[in-house]
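> Below is the structure I would like to discuss, written out as structure tokens.
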Amino acid sequence: MRGGPGDAERRERWGRLFEELDSNKDGRLDVHELRQGLARLGGGSPDRGAQQGISPEGDADSDGGLDLEEFILYLQEREQRLLLLFHSLDRNQDGHIDVSEIQQSFRALGISISLEQAEKILHSMDRDDTMTIDWQEWRDHFLLHSLENVEDVLYFWKHSTVLDIGECLTVPDEFSEQEKLTGVSWKQLVAGAMAGAVSRTGTAPLDRLKVFMQVHASKTNRLNILGGLWSMIQEGGVRSLWRGNGINVLKIAPESAIKFMAYEQIKRAIWGQQETLHVQERFVAGSLAGATAQTIIYPMEVLKTRLTLRRTGQYKGLLDCAWRILEREGPRAFYRGYLPNVLGIIPYAGIDLAVYETLKNRWLQQYSHDSADPGILVLLACGTISSTCGQIASYPLALVRTRMQAQASIEGAPQLSMLGLLRHILSQEGVRGLYRGIAPNFMKVIPAVSISYVVYENMKQALGVTSR
């Protein structure tokens, strides 16, 4: 490869660039020289890959800098990646990227940018004023400068991984190819699982109260928040407020892993090697992945409801509860309420995704002048609003699911189907009956989101995932 005329020309060009950047002429480049050199050449900060190249992985002799050969090796790998990305953006394969192709690329991520914004991006690279970008302009612009416009959006705007409010019906977050190849995606999923565990434990009393009110509240007993908490404490003490939390935490890891893997497989099966999906495609793939995960771990959902509602001394533990259900009700009992649970994925995931993407687009259009990073408050606000809207839409199905899971354990309760239970609730309690327990559910959203975000950020640091 190195013997070809094109390769010789590239090495000569890279050699000249190396000499220009090597300000102290010691035959090595460090991050400080990269920053100074690019500022002198009219660029911004060096690409993170270039900075990370000056590390034990990119620095072959581990002396804290890059010599000419190491610098050329980095640029060769970088140019290959740039060429692949250029071809993926050049949708009509005419060798040029125009304004419409820039808009389409952002639209594939669910980001609507105006014609003016697309033209601004194009002008930053278009040196010959043709209103298109050819390969040479693309390569020269991004060889060392930031390539993270699109990837930043994927990186900063994750919310189903970052924020845990106790429900796992959200569409999985997108990860860039770089995050997948380096293992960062799995580290972020582990950080998200740990954040979910701490968040759910911190808000477990409100979650148990929600389930308690979903099953036991009615027009006749007028069970409210304080009354529900007091009756649970009277029956089993303060520790009883955390009943069912163990399995609620336990199911985070398998559900997150299954959903993530199913999402990636469904993407490949339906859309091939397409790296990023349109919002509608994400909804379809995410809903199918959620249904797959729920189908596999659903017995844990049933056990969680039964353990949450148990009386003092009713079960010795998780295995005893599972054995008694199997012995008395048979294996079908582990899938009671499965249909409303799966149907609930559609309104929850659809509305959560639509609202989140709308809020994200609005912020990106109005405020993302220099960075796609929204900051903590904007991310928390967008995630909280979208998740709350999804919960309101899917709550009646969630309530029916919980009652179907629990009805066999309640003496004298009729064993109704999904439609039978809906008709029964509407006839006895009206539409309000479908929203029993939604108040404590709303009360736990803000503390759950806040706890999960703080833990997620700390876990990322502990696992060595550096923020941009």
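Just so you know, glycine gets a Cβ as well, placed from its N, Cα and C.
Remember, TrEMBL labels are computer predictions, not curated facts.
Because the structure is a prediction, the values reported are computed rather than measured.
Here's the feature list from TrEMBL:
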{"type": "DOMAIN", "residues": "9-44", "note": "domain 'EF-hand'"}
{"type": "DOMAIN", "residues": "77-112", "note": "domain 'EF-hand'"}
{"type": "DOMAIN", "residues": "113-148", "note": "domain 'EF-hand'"}
{"type": "REGION", "residues": "39-63", "note": "region 'Disordered'"}
{"type": "REPEAT", "residues": "183-269", "note": "repeat 'Solcar'"}
{"type": "REPEAT", "residues": "277-362", "note": "repeat 'Solcar'"}
{"type": "REPEAT", "residues": "374-462", "note": "repeat 'Solcar'"}
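I'd like to know what surrounds each of these features in this structure.
Computed over the domain 'EF-hand' (77-112), the whole-number mean pLDDT of the model equals 75.
Helix, strand and coil content of the repeat 'Solcar' (277-362), in residues and according to DSSP, is 73 helix, 0 strand, 13 coil.
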> Under DSSP, the repeat 'Solcar' (183-269) has how many residues in helix, strand and coil?
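Here the numbers are 73 helix, 0 strand, 14 coil.
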